[in-house]
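**Student:** According to Swiss-Prot, the protein carries these features:
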BINDING   29, 30, 31, 32, 33, 78, 79, 107, 130, 164, 278, 302  NAD(+) binding site
ACT_SITE  109  active site, N6-AMP-lysine intermediate
BINDING   395, 398, 413, 418  Zn(2+) binding site
DOMAIN    577-652  domain 'BRCT'
């Protein structure tokens, strides 16, 4: 059996490398899963023969309490940027002035997250983010779930390597399709999705998403003589190395490589944002050294934002939650930075006037920050008889008169009952940074609003599972899950609720500062203007906005309705030792909670003075157990630790 287990480990690790390196595995997912299950069963039967590099070590159900800071033994430096051939030539002249014989290795600049992996005696000890280059975050448990990161090297060596963790384009599309179906906000791009994944506290989420890596640098002393030799040694150790690179002493050849890569960019299985050029010789790298911020022996050429021409077919005017009316151009479809673009923002009426944008114009389109399609300028020599774009005078949603205030560039609808604003306010209220009602995304809000089941935020808390099942595509399981998420949000600290109300100028930071000062929404509503304005970091604009809002009958009625519905209106983040019921206690959460999310339960416990731990020990004061509680509950019983349920927590 030991031989078969070894064979399965080697096969599964090989298939994982094929998948991530070539995006073309030699076996189907079904065959991989079959072999994986066979290995799992064998490891259950023969636990003494489990290999340290077994792929089963990657998958688990850890829920982390957070990420600890990690100080890098060797700092991660930034690279000097270049945006033109002239800047690359200047870099070449500087290098060749000292070392005429120098050659370069040029490799793809992966658009992901920089990571550092430290191995001790061949075993992965620490995986960390770059952070500020000196201190990052320890995300070892999450990186263990990335299948192409070796958990155990074939040699018992101490080694620290650097690389990029990224999300392949195919995985990105799959994840966004799932989020769309669940009514969740889609990720803007693969890099954001990768970043969000690596900061997940639930490692099961990380294991499910198919993150991948390219390793490209060794930190600290090395026996290799060149960057090329470093990459070759990485491949032998089982790391994924990007095969697309060249070595040349000629900047002409390097520039040709850059141009070739730029043409291939859209066809690659992953996002890149440039090409990194390094002096190949490690001895020359050491001689050239570093500036305060960057190595002198490397430079990163950044691709310019891709631009395409398209015709403006029409312009839509949409209303946001604050009443701002934003113009968006409908375009003839063009391929831009790997996606089909048929719409682009025109920002505001002043921007339209400044650029003299008209229906039928041929315009240059680009992606601002490689994310948001926008119109750069009009191609005037292609203009024919186009007439200036008519600017709306009434709201496209409610037909109320639009206002263009002197101190603003935007048109604004000031009707508080505007349907478009109401829907956007509901979406904002349920969003992650506000009440974080998982599953209540734009698509579900639209259905609920159209069905006249909700009109304002208080209506959300009158919904029942039966109401939710009236919606097309919502079955009992989904309805129950969303209902529980709505109920769980009632326990949020008041700064979340304040931000969710969408009061003009009151962002998440201001909401926290206000709640730290006044401790409840009711106290804030009754507060003096001067007391609000005196808070460091706020001022008279926010004070005026709050006083105006809370003076309205609608706001006063809403507070009463939310309190009646059972929402917490107090700040939970500033309990003192004297009034914190659980001060000094170490509490462990285990199992699935019915009404609270794990983060909400943790937040409530901490607000009551408890220290929330991730594992049970003799120091544990009590364990709160939900359904399907496992080994933590059993250990607590063995140690004689007090056990409570979710109802006890909710009663506090």
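The backbone N, Cα and C atoms fix where each Cβ goes, glycine too.
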**Student:** When a 10 Å sphere is centred on the Cβ of residue 418 (Zn(2+) binding site), how many other Cβ atoms does it contain?
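**Tutor:** Its Cβ shell of radius 10 Å holds 21 other Cβ atoms.
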**Student:** Once 395, 398, 413, 418 are set aside, which residues in the chain still have Cβ within 8 Å of the Cβ centroid of the Zn(2+) site?
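**Tutor:** Surrounding the site, in chain order, are 319, 323, 394, 396, 397, 399, 400, 402, 415, 419, 420, 421.
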**Student:** Long-range same-chain neighbours of residue 398 (Zn(2+) binding site), Cβ under 8 Å, sequence gap at least 6?
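**Tutor:** When sequence neighbours closer than 6 are ignored, residue 398 (Zn(2+) binding site) has 413, 415, 417, 418, 419, 420 within Cβ distance under 8 Å.
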**Student:** Cα of residue 79 (NAD(+) binding site) to Cα of residue 395 (Zn(2+) binding site): how many Å, rounded?
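**Tutor:** The separation of the Cα atoms works out to 48 Å.
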**Student:** Find the average pLDDT over the domain 'BRCT' (577-652) in the predicted model and report it.
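**Tutor:** Here the predicted model's pLDDT, averaged over the domain 'BRCT' (577-652), is 80.
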**Student:** In angstrom units, rounded to an integer, how far apart are the Cα atoms of residue 31 (NAD(+) binding site) and residue 395 (Zn(2+) binding site)?
**Tutor:** 57
**Student:** For residue 31 (NAD(+) binding site), just count the other CB atoms lying within 10 A of its CB, please.
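**Tutor:** Neighbour count, Cβ to Cβ under the 10 Å cut-off: 13.
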**Student:** Quick one: Cα separation, residue 395 (Zn(2+) binding site) versus the residue listed as 'active site, N6-AMP-lysine intermediate', in Å?
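**Tutor:** On Cα coordinates alone, these residues lie 45 Å apart.
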**Student:** To see if you understand the setup: which same-chain residues, six or more apart in sequence, place their Cβ under 8 Å from that of residue 278 (NAD(+) binding site)?
**Tutor:** 104, 105, 106, 107, 227, 285, 297, 298
**Student:** Hey, how far is the residue listed as 'active site, N6-AMP-lysine intermediate' from residue 130 (NAD(+) binding site), Cα to Cα, in Å?
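**Tutor:** Just about 16 Å between their Cα atoms.
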**Student:** Using DSSP, break the domain 'BRCT' (577-652) down into helix, strand and coil residues and give each count.
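**Tutor:** Helix, strand, coil within the domain 'BRCT' (577-652): 25 helix, 17 strand, 34 coil.
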**Student:** Tell me, by DSSP, whether residue 398 (Zn(2+) binding site) is helix, strand or coil?
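**Tutor:** Residue 398 (Zn(2+) binding site) sits in coil per DSSP, no helix or strand.
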**Student:** Helix, strand or coil: which one is residue 31 (NAD(+) binding site) in, per DSSP?
**Tutor:** helix
**Student:** For the binding-site residues 79, 395, 413, which one has the sparsest Cβ surroundings, going by other Cβ atoms within 10 Å?
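**Tutor:** 79, out of the binding-site residues 79, 395, 413, has the fewest neighbouring Cβ atoms within 10 Å.
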